[in-house]
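For reference, the structure is listed below as structure tokens.
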Amino acid sequence: MMGEQRATTARGGKPARQSRKSHLKRTGTTRCLLQWVESAINIPESRTPQIVPKPVFRMTVEFSITQSMITIKVQNFCSQILILRSIYLYYETSKRVVLFGGVLRMVPGYEFAMEKEIHEKEDRSYHVVFLSDLLGTPYRLRETVMIHLLSPRKARGPPLTLSKLPVFPVPEYVQEVYLYGFLENPHYSRNASLWLERLKAYRAKQLNADNLTDYLRSLDQIDEFDSHLQMLRYTVENGTLEERLPKEYVLTIDQFKVPPVLLEVGSHVQVNCGVIGRNSGPTIVRGTIVERSSIILIETETPLKTLRSLKIEFPLNRLQYKLEYTALVHMSRLDFSSILFPKIESAKPTTPAKTFNDAVITEFDWFQSCIAENEQQTQAIKNIVNRTAYPAPYILFGPPGTGKTCTIVEAVLQIWKMRPKSRILVTATSNYACNELAKRLLKYVTVNDLFRYFSQTSQRDINGMDLKVVQVSNMHYGIYETPAMQDFVQTRILVCTVMTSGRLLQLGVDRSMYDYIFIDECGSCRELSALVPIGCVGTDTTNNRLQASVVLAGDPLQLGPVTRMPYLRDTPHNAPVFHQQFYDAELRAKGDPTITHWAVNWHHLPNRKLPMLFHSVVGFMQQDSISLSYWNVQEAQLVYQYVQILMKEEINGQIVRQEDIGIVTPYSKQVEFIKNGLSTLGLDNIEVGSVDQYQGREKPVIIISAVRSNRTTVGFLADPRRLNVALTRAQALTIVIGNPENLMRNVTWYNFLKMMKQNRAITGISFNLTKRHLVPVEEGGGETMDGLDFA
């Protein structure tokens, strides 16, 4: 042990939160990453601790690099009064430091702060254990949190300022036609009539080089106005809030006129408090949603002066639309016929484009050994590096597990190595995919050559991110900061989401800076969203040419973009089963048998030669009145049973860890229900997610809960891409749980069940597979938007 406790402060009041960016950088202090490990209550008459499904304390931890001083702020985040007894920091299992010892009464919301000098470990990770009693009970709470110290780099320069984007209002004539349902009307204004006539002509001709800009802009305007009206429906006219913590307020769901299914964490909030004083106007306070469950938790910029008779609005976040409109403006003078609609006969895949002065590269030393053995991948990389498709994009198409991400990573590495003067922008639709790409690149690229640019909203997810990725990002101090120009100029590889790439235009980054633009996950990205990095970063508006070579990667047979409005579903706005069903039997198994075959002969398999099973069950699907999402208790119980079997038994001599198991289910309420159940079993490290969240990812074992039961249709499970994604996430073992009587009504699921029957891979209740109730094309069964995972 070393050092003494410097200062201990406790506040029963409710301190205001302020920005810490300048303080952190000025004092050489970093915000630490936190990982909640476990919370459990010891009950005297029980030998087994009772698991608590979520953290009891809210923590922030900072570390002073110059003084080796750790500062911990702890807040009682539960509704019980706690008596804090001890706080320990563990270097190792048996080596610890006492951070606090005594008696401290903590009412809900009470905050305790202390600091301590510590030794720096090589891995810079520590466990902190809190011991406290529940007032008036014999129960003792033990909570464990892992903290990770960051190693921030030296700031490269002063932060830039984001310039404002143009407003791009939705024209009144678009609103007029929308409100009349896109039908002919003699009372339309002239502009409305002309616009509707153009729109119908575009739909008839489909997307082409001549109408691309105006057609996509019109469709985006329709989508934006529809979203705006949807958000207006959630306005609470005479609302009441309950203060939980300083600037944090609870809004109960029963105050909404309609279920707020589109509201999510990060949604904007505007609270109109009315006239507070005689000489003042209405007081408007802005905020965001920070928690979305059975209640909505709102964090405001300033404290509210009243909690009653409030008008609470949820303005649409227009940033995505503004960036898409901006991209179209910059691309409007390009020759789309050669960029987005190239003719096949004009393509010369073996001849490098003459636009560039770079020498043709023919000899390559591969970074990844798996690439060297695949002729198609090596040829694709050679063509990408030599820009043979320019100005048309180079397209990487591949089913699950065929190495799209590996090919992207290798291509970026080869450009980094062989084109030392080139810079590369690597984008994807999700932060997860971007972090995965950055993590793989950092195995070979020096940390000074890669910059991961996060949006400000990403800060709320920082605790779940990879340390190495965070430390090469604009959150290297543990908190968001606007990048410096040197972050782009002094690095050669930039990784960010397709939307965040549009911010480079606002930051004043030279649009000739990046020579290559990679866009991963194109299959799940709207066409207009994919144009943001191309239009905002890769377009030279001075010379009306595409500056960068573009590479698109994805699989259109996996999940596509979600479009809420029926009118837009069969338009370019919404554009970009298993083996034979999905890929015409063209897939060939190429996985490493030591990975793909280790579950073969598992004694729980109905067919021991096939590491897949369908467990048939007749459950009962229930709908949540708040989110309109569904859950199925009987299927969840089977999930728990299989998880416990896997954790207790070895499979062919191999131990199954929690991290090896992934649970996929299409409904957010089932995700929540299963997570809570696993937590009570002490299995918090098993990842549970929706089909959308698992796209592009794999686990050795995947358990799928279909949820659908006691319905005449399969709802949005009818989308074959959803089943394709779900069934291709497992590396070694797939367990599907569902109601066959319901699922067989859909042709895709019918074919899947038929395949499982033919391979004798079914367990559970017996059933007869019949086409009697088969519904090839579903009309949705009259259900609300339950399938869009907005809940």
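Cβ from N, Cα, C; glycine included.
Keep in mind that this is a model prediction, so the values were computed, not measured.
As recorded in TrEMBL:
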type: REGION; residues: 1-27; note: region 'Disordered'
type: COMPBIAS; residues: 17-27; note: compositional bias 'Basic residues'
type: DOMAIN; residues: 374-451; note: domain 'DNA2/NAM7 helicase helicase'
type: DOMAIN; residues: 490-563; note: domain 'DNA2/NAM7 helicase helicase'
type: DOMAIN; residues: 579-740; note: domain 'DNA2/NAM7 helicase-like C-terminal'
> Counting by DSSP, what is the helix, strand and coil composition of the domain 'DNA2/NAM7 helicase helicase' (374-451)?
Replying inline: 40 helix, 11 strand, 27 coil
>> I'd like to know the mean pLDDT over the domain 'DNA2/NAM7 helicase helicase' (490-563).
In response: 89
> Which residue counts does DSSP yield for the domain 'DNA2/NAM7 helicase helicase' (490-563) in the helix, strand and coil classes, in that order?
Replying inline: 22 helix, 19 strand, 33 coil
